[in-house]
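Among the features that Swiss-Prot reports, active site, proton donor/acceptor is placed at ASP90, LYS176. If you look up Swiss-Prot, you'll see LYS151 marked as active site, schiff-base intermediate with acetaldehyde, on the strength of sequence analysis.
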Amino acid sequence: MDRDEFAASIDHTVLGPETTWGDVETILNEAADHGMNACIPPCYLPEAADYENAPKTIATVVGFPHGQHAPGVKRDEAVTAWDDGADEIDLVINVGRLKAGEDDAVAAEISDVVAAVPVPVKVIIETALLSDDEKRRACEAAVEADADMVKTSTGFADGGATIRDVELMSEYLPVKASGGVGSYEEATAMLDAGAVRIGASSGVAIVEGHPGDGD
């Protein structure tokens, strides 16, 4: 994978509760300058939409970080995010519903968001909290709901992306590996395992580790 293609697979991310507009500006500038995407909190989308040095793709999160919003709230949050300029939506499932065996409710919630916005929806299943069977069922719900991608983690649970989880999830949909990916080597390992996108707060270091960076 050449340097530009590799950079375009990175979602350079800032989503902490203490995130300021200044932090978002830094992420936008770094993403644009290095050819990455950006993933930012929804409250900063209006400013980001008007920002001069913005990357081509700006993603945001819905139902973040625990996924326990009411379904209608998630749908409305997604619509607002799209209206405010989001190019992609990263949606957190209700893990409790999944663990209780309410897979139809999980799929319906995802479907509501997918139907409400004309942009790609990535479904965050929070792998660190799930058994392998639950991971498979979460991916099946995402497939049933016509989601575009499944994503490993929010970064707020213990544990992040693993090679094993990426391999499992990629049997169902394209995968975004997120959580604990901090170097070029780690990102490449995830891509080799089947991921098509990487979410990371250390996107600059990851891209600068590519052998073709600076050519």
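The count begins at 1 with the first shown residue.
Each residue, glycine too, has its Cβ placed from N, Cα and C.
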Cβ neighbour count (10 Å, all chains) around LYS176 (active site, proton donor/acceptor) is 29
One should report the C-alpha separation between LYS176 (active site, proton donor/acceptor) and the residue listed as 'active site, schiff-base intermediate with acetaldehyde', rounded to whole angstrom, as 4
Close in space but at least six residues away in sequence, with Cβ under 8 Å from that of ASP90 (active site, proton donor/acceptor), the same-chain residues are CYS39, ALA59, THR60, VAL61, VAL62, PHE64, LYS122, ILE124, LYS151, LYS176, GLY199
For the residue listed as 'active site, schiff-base intermediate with acetaldehyde', the number of neighbouring Cβ atoms whose distance to its own Cβ is within 10 Å equals 31
